[in-house]
Structures are given as C-alpha cells and as structure tokens.
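Single-structure report; data block below.
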Amino acid sequence: MLIAPSILSADFAKLGQEVDDVLAAGADIVHFDVMDNHYVPNLTFGPMICSALRKHGVSANIDVHLMVTPVDSMIEAFADAGASMISFHPDASIHLDRSISLVKDKGCKVGLALNPGTPLYVIEEVLHKIDYVLIMSVNPGFGGQTFIRETVDKIKRLKQLIVDKRLSVAIEVDGGINESTIKSAYDAGAEIFVAGSAIFNAKDYKQSISALRDAIKK
Ligand SMILES: O=C(CO)[C@@H](O)[C@H](O)COP(=O)(O)O
C-alpha cells in the first residue's frame with residue numbers, strides 16, 4: 001500500500017520544502033492535482049510547477065491527476081515536465097484509446113480517473129491497457145471534502161472485474177481519505193491512497209502518515 005500526499009493541501013508558498021518534508025516523513029508518491037477551472041471549478045498548477053519540483057531535487061514518483069479538458073496537450077506537457085504517472089478522466093478525452101497511448105508513448109504509467117457518478121463500464125474496453133484506476137471518493141475540485149461511502153462498493157466491484165479479467169491494474173482512491181475511511185477502501189481492494197488534508201493539515205507529517213498506515217492494520 002502506497003501513501004500519496006496530495007499537494008493541493010500543501011502550503012504553496014513553500015512547496016518544495018513541503019514535498020521534501022512529506023517524503024522524508026514516509027510518503028511514497030507525490031500526488032499532483034491539476035485543475036483547469038473548466039472540467040472542475042478550481043484552478044491549480046501547470047507543468048512548470050512539476051518541472052520546478054524536479055529541478056528542486058524531488059526524485060520520487062510524481063502522480064499527475066489531470067482534471068482538465070482537453071487532455072492530450074497536457075499529457076505531453078506533464079510527461080515532459082517529469083511526471084511518472086498520469087491519470088485523466090475518460091469523459092475528458094474524445095479518443096480514450098488514443099489518450100492512453102499518448103501517456104504510454106511518453107513513458108509514464110497510465111491511469112483512468114472515475115468520478116463518484118461515473119460508472120465502471122466506461123473503462124471496461126481499455127482496462128487491459130492501463131496501469132491503474134483512480135477512484136474518486138469525492139467530487140473533484142477541492143480538498144477537505146467528506147468521503148462518499150458508496151465508493152467502497154465501487155472499489156469492490158472494480159477489484160472483482162480486475163480479478164475476473166486476470167489483469168494487473170492497481171486501484172488508487174482519492175478524496176476524504178483519513179484514519180476513519182482508509183481501512184474500508186483498503187479492504188475493498190485499493191492499494192494507493194491519496195490524502196491531502198489528513199496529512200498536510202497535521203502538524204507532524206510523519207505521525208499523520210504513520211496513523212494512516214496503522215489504521216489499515218487495525
Ligand atoms: O483530487 C482531489 C480533489 O479534486 C483530491 O486529491 C483532494 O485534494 C484530496 O484531498 P483530501 O480530500 O484528502 O483533503
């Protein structure tokens with residue numbers, strides 16, 4: 001199980017230090033939420049910030065979650081800026097298979113992100129072509145929202161689909177993940193956990209990341 005702090009909840013005035021601190025505190029992946037005020041009602045950061053983190057010395061995997069439309073130009077820009085993993089929403093791509101190939105051709109792991117209201121069948125035809133599915137457990141756009149409980153059943157059904165098809169596709173869950181919600185997502189089959197406010201709103205990042213890992217073991 002991998003912990004991926006969402007830098008959406010970090011202090012942007014000292015972003016490089018914040019990323020260094022969560023990685024030193026035991027985080028596995030840096031989760032990078034890209035919002036365009038079009039696909040979602042918020043605006044965050046572009047590829048320049050990603051390359052700035054690489055220049056700053058961040059060597060951990062950077063997991064870019066594109067909440068933008070159109071997606072293809074941003075896939076290329078973020079891959080060139082140092083992304084290791086790129087996910088996008090199938091409903092934000094006109095040619096899903098082509099966008100998946102674009103991520104792969106750029107040498108990144110490819111993920112598809114599903115909003116709470118988006119059904120699993122949207123990705124069935126391409127499930128064998130991707131590395132992970134990002135299940136949104138809140139409606140995308142903001143940190144600090146409440147975990148939508150129905151997501152647990154969705155993760156279970158996705159896990160079963162992956163097993164039935166004998167695929168090796170990881171499940172990432174994002175939104176409202178904290179000490180109270182992480183275990184239900186883990187038990188359902190998720191293995192990558194994005195957490196923003198649960199980590200960055202704590203005074204001690206090491207303690208908050210350990211608390212997430214401990215909550216799973218309970
Ligand atoms: O993509 C998103 C929101 O759109 C998430 O990554 C949130 O940033 C997670 O924040 P918390 O719910 O953990 O505070």
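Cβ from N, Cα, C; glycine included.
What TrEMBL says about this protein:
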ACT_SITE  D33  active site, proton acceptor
ACT_SITE  D174  active site, proton donor
BINDING   S6, H65, G141, F142, G143, G144, D174, G175, G176, G196, S197  substrate binding site
BINDING   H31, D33, H65, D174  divalent metal cation binding site
Fewest other Cβ within 10 angstroms of its own Cβ, chosen from the binding-site residues S6, S197: S197
Sparsest-packed among the active-site residues, when each Cβ's other Cβ atoms within 10 Å are tallied, from D33, D174: D33
For the residue listed as 'active site, proton donor', the three-state class that DSSP assigns: strand
Whole-number Å value for how far H65 (divalent metal cation binding site) lies from the residue listed as 'active site, proton acceptor' (Cα to Cα): 5
For S197 (substrate binding site): DSSP state (helix, strand, coil): helix
Cβ neighbour count within 10 Å of H31 (divalent metal cation binding site): 27
Rounded to the nearest Å - Cα separation of D174 (active site, proton donor) and S6 (substrate binding site): 9
Cα separation, H31 (divalent metal cation binding site) to S197 (substrate binding site) (Å, whole number): 13
Among G141, G143, the most crowded of the binding-site residues [Cβ within 10 Å]: G143
Farthest-apart CA atoms of S6, H65, G141, F142, G143, G144, D174, G175, G176, G196, S197, residues recorded for substrate, distance in Å: 17
CB within-chain contacts under 8 A for G176 (substrate binding site), separation at least 6: S137, V138, Q145, T146, F147, I148
Nearest-integer angstrom distance between the alpha carbons (Cα) of S6 (substrate binding site) and H31 (divalent metal cation binding site): 5
Between H31 (divalent metal cation binding site) and G143 (substrate binding site), the C-alpha gap once rounded to whole angstrom: 12
Rounded inter-Cα distance in Å - G141 (substrate binding site), H65 (divalent metal cation binding site): 11
